[in-house]
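Features of the protein shown, as given by TrEMBL:
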- 462-479: compositional bias 'Basic and acidic residues' (COMPBIAS)
- 488-498: compositional bias 'Acidic residues' (COMPBIAS)
- 195-441: domain 'GOST seven transmembrane' (DOMAIN)
- 454-498: region 'Disordered' (REGION)
- 1-21: signal peptide (SIGNAL)
- 199-219: transmembrane segment (TRANSMEM)
- 231-248: transmembrane segment (TRANSMEM)
- 260-282: transmembrane segment (TRANSMEM)
- 294-313: transmembrane segment (TRANSMEM)
- 333-357: transmembrane segment (TRANSMEM)
- 378-399: transmembrane segment (TRANSMEM)
- 411-435: transmembrane segment (TRANSMEM)
Amino acid sequence: MGMNSYIFLLILTFLLKPGNASIHVYNQESFNEVGNSYLLSGGSEGISSSSHSRSFVRFDNITFRRPKSTAKSRGLIQVVLFEAADRNNIGGSAYGGQRSICCTSDLSKLQGCKQGEVIRIPSANDLNWPIILKLHFSRNSLSTSMKNHEEISISKTGMYNLFFIACDPKLKGVVMSGKTVWKNSDGYLPGRMAPLMRFYVFMSLVYFLLAAIWFTQYIRFRKDILQLQHCISAVVGLGFFQMILWYFEYANFNSTGMRPVVLTTWVVTVGAVRKTIARLLVLCVSMGYGVVRPTLGGLTSKVLLLGITYFLASELLDITEYVGTINDLSGRARLFLVLPDALLDAFLILWIFTALSKTLEQLQVKRSAVKLDIYRKFSNALAAVVFASVAWIAYELYFKATDPFSERWQSAWIITAFWDILAFALLCVICYLWAPSQSSQRYAYSEELGEEFDEEEAQSLTREKPDGDISLVEKKEKSVGGTRVFDEDGEAEEDKRE
């Protein structure tokens with residue numbers, strides 16, 4: 001395709017409204033001027049077909065109204081439904097010039113199309129596609145309607161686009177109301193989202209398994225629980241709850257075709273709380289909370305302020321994306337919402353690694369080998385997560401840049417699922433490193449002498465005699481001059497080397 005054709009297709013893609021529900025509602029929607037036509041996008045969704053169930057697009061109460069000034073003449077509205085693979089079969093160009101949606105006098109001579117109507121080239125796979133339905137305004141009539149509950153059956157799996165097009169310049173200002181119902185073979189859930197319902201079933205099961213193991217240990221060693229382990233318990237519980245809510249939200253969406261505002265708001269709010277607590281947990285762990293410092297001290301207010309700010313930014317972004325209609329947002333508006341969330345994440349990562357570096361230095365100075373080993377494993381896991389995140393962001397940008405028409409919609413769910421898997425993997429690492437046990441308190445901060453030396457490295461100073469008496473055993477201290485030995489009376493003797 002030439003540059004003009006490519007720009008034309010990008011304009012169509014920008015105008016598409018991939019609705020967040022399979023029931024698309026239109027309320028006095030206006031047509032946009034594109035080239036030599038007036039166009040309104042009715043939606044774009046991946047639809048899967050199957051032999052055991054019907055897939056279709058249904059039109060309910062679709063009504064077009066035009067201004068009184070244009071009512072003296074007749075008018076034509078065309079409803080165009082096509083698969084993304086057949087996007088070049090709509091419109092044409094004369095002598096390699098600018099691509100047009102509607103047929104002109106020159107194009108009618110070259111391509112044999114009917115002037116004043118949408119140019120349609122039959123698909124190579126099915127001559128009946130793209131499908132075009134025609135509606136006429138009668139003379140002196142202000143409105144026209146489609147046949148109620150009219151359906152177009154879908155027999156092939158693909159990404160389908162719906163447009164309402166007027167080629168007559170006199171129909172400028174026409175508006176449309178009504179709704180369209182898009183149904184897949186398995187329900188009303190859009191094709192690109194359908195795999196996520198099964199994914200959240202899987203995530204609910206793995207979170208349940210993690211929660212069962214964690215809380216069994218948590219209850220068993222409840223007397224030795226650290227403050228840090230309380231926070232981990234909250235993240236595990238919220239993660240399990242969120243996965244269950246996502247499943248029920250998608251299941252309801254699949255059965256009804258609509259997304260209740262209350263349920264979706266609950267889901268995204270729980271998710272925002274979980275993400276906020278999880279990030280603050282990683283930050284507190286990196287700062288050595290409960291391990292090298294008993295409290296966060298003067299940093300408590302800063303950590304809380306960061307948490308509140310991140311929660312508000314995440315909540316606003318998720319509500320905008322999942323609740324209501326995000327399609328009305330322009331690219332700049334969406335960028336305005338994504339930027340604060342991304343900047344806060346970047347700031348958190350910088351703070352986490354700075355704090356983690358200081359914690360490792362303190363543990364090295366104190367020669368606490370057990371704690372140092374745990375934190376080294378944690379830092380390696382965290383570095384791997386950050387690397388995977390950056391790599392996945394790069395892949396996501398590549399995926400979207402190379403698929404402007406969403407033809408790979410069947411694998412698009414992986415983009416969303418990856419982040420949940422990555423968060424779960426890091427949580428598993430934290431649960432493993434700080435698992436509740438009878439020796440949990442040895443990881444806790446202590447001002448006693450034992451904080452300076454690792455308990456596992458220190459040699460035992462007592463042993464039990466058969467008669468129950470406790471006596472001192474030999475304790476050797478390396479020195480340049482010799483070896484110090486403690487006798488049973490507690491007096492030190494020095495065995496000098498020759």
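Placement of Cβ uses the backbone N, Cα and C atoms for every residue, glycine included.
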In terms of Cβ proximity under 8 Å, which residues at least six beyond the ends of the transmembrane segment (199-219) contact it? 225, 229, 232-233, 236-237, 239-240, 243-244, 246-247, 250, 413, 417, 420-421, 424, 427-428, 431, 435-437
Among the recorded stretches 294-313, 333-357, 378-399, 411-435, which has the greatest number of Cβ pairs closer than 8 Å to the transmembrane segment (231-248)? 411-435
Outside the transmembrane segment (294-313), six or more residues from its ends: residues with CB under 8 Å to it: 272-273, 275-277, 279-280, 283-284, 287, 340-341, 344, 347-348, 445
Could you tell me what the rest of the chain brings near the transmembrane segment (260-282), counting residues at least six beyond its ends with Cβ under 8 Å? 228, 231-232, 234-235, 238-239, 241-242, 245-246, 248-249, 252, 303, 306-307, 310-311, 314-315, 318-319, 322-324, 345, 348, 352, 382, 423, 426-427, 430
Please indicate, using numbers and ranges, the residues of the same chain that are 6 or more beyond the transmembrane segment (378-399) and have a C-beta under 8 Å from a C-beta there. 282, 285-286, 349, 352-353, 356, 360, 408, 412, 415, 418-419, 422, 425-426, 429-430, 433
